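Undergrad: This is the structure, below, for whatever I ask next.
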């Protein structure tokens, strides 16, 4: 069962699907509410098997695109990404040749009439482990094509692939967002995080798609490939735990491909923006981290002046989003801090009145799970968000929904952001139920699996 949360920013009110009235921040601080949950009823589900119909490879030929995804670049351009070829798992793996197949996107404003064509780049990556028993992995060919010249609030039809094979996808369509303006907003923005690939994940994503978002934001912890249980929820707690003497935990990389297939009905039609979580770190013996995440997702890093795709920003109508990286340097002498300060200083609130930040771990959290885990990041960056009057901060990591009063430095402040922890998107770890101290500080609802939906107007 999934709970849909609607946040209407005209009144900055939060309505739960349950028939209960929750105070708004419009009239200042409100008396905190907590709905208790019986821990014995805590629900979860096992990982979906790799041969599940929504996870397995469906194309007859590996030349045909799969795992198709859209991501915003600028207000008039969009990234189209997909995968071809077959990933390889084993002791000795040889990477595929990215130049062996083209990266093309045909697109236009009429069905079957593609007036515009663009070419892009392709890459592969490997996840390598030195220990006996652990499986190396090399990916399929990952394609990224930037399509531009897009008109706002317009439906486009597209196909992607290699026309010379020929191996082009079926026709798919998407609708562009409005240009940055105080008078124009995406009709609905969906926030979700901590997804994984369980039956609860399917419930969350199906419910999200039924609500027809025009933009999706995933606040980290996507595939849980590092915790995949090859025999479901039984036996060892993760794939590589069968090898206790290994110097490094392996992640089961085929779950990334399964996740891409699972998400394609959504990501191929709705631009989906991501930020990394702790489950995306995936360290290799060489010290490389975030390899899968970095190669698979196209994000507007360079477009927003960032030197890393682990943090970036973008506009969606009258909203400016900053996507913050919690697992890279965030101190006030570092590159991310300097980028954030520069980015926020350029925001014109007359054009984008709403300023929203996202990150994976919450700074404010009353649950025992991850309690004050990122206090150092808060101390480094919170003042900057407060100075530039960020309106809302969305986070995941803690598998329970929670919304704070406006706050700054642990003090109620009418100029501080509203902090929202999105809740559990359905992963294998289940929901969090224990508080760090006596409950009652803020509204909590944690017996269900979540995504959040944001409707905006000035």
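Every residue gets a Cβ built from N, Cα and C, even glycine.
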Undergrad: According to Swiss-Prot, 278, 360, 397 bind Mn(2+); which one of 212, 221, 437 is annotated to that same site?
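TA: The record-listed residue among the candidates is 221.
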Undergrad: Name the one residue among 370, 399 that Swiss-Prot lists for the same Fe cation site as 194, 221, 224.
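TA: For Fe cation, Swiss-Prot names 194, 221, 224; of 370, 399, the listed one is 399.
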Undergrad: Measuring Cα to Cα, how many Å separate residue 59 (N-linked glycosylation site) from residue 399 (Fe cation binding site)?
TA: 35
Undergrad: I want the residues beyond 221, 278, 360, 397 whose C-beta is within 8 angstroms of the mean position of the Mn(2+) site's C-beta atoms, in chain order.
TA: 193, 194, 219, 220, 276, 277, 279, 326, 361, 396
Undergrad: Among 121, 194, 221, 397, 409, these being the recorded positions, pick the one whose CA is nearest to that of residue 136 (N-linked glycosylation site).
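TA: So, of the listed recorded positions, the one sitting closest to residue 136 (N-linked glycosylation site) is 221.
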Undergrad: Suppose the substrate site is 278, 397, 398, 399. Which further residues of the same chain have a Cβ inside 8 angstroms of that site's Cβ centroid?
TA: 193, 194, 221, 277, 360, 361, 362, 369, 370, 396, 432
Undergrad: Can you check what DSSP calls residue 200 (N-linked glycosylation site), collapsed to helix, strand or coil?
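TA: Once the DSSP labels are grouped into three classes, residue 200 (N-linked glycosylation site) ends up as helix.
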Undergrad: Of 121, 194, 221, 224, 370, 409, which recorded positions are close to residue 397 (Mn(2+) binding site), meaning a Cα within 10 Å of its Cα?
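TA: Hits: 194, 221, 370.
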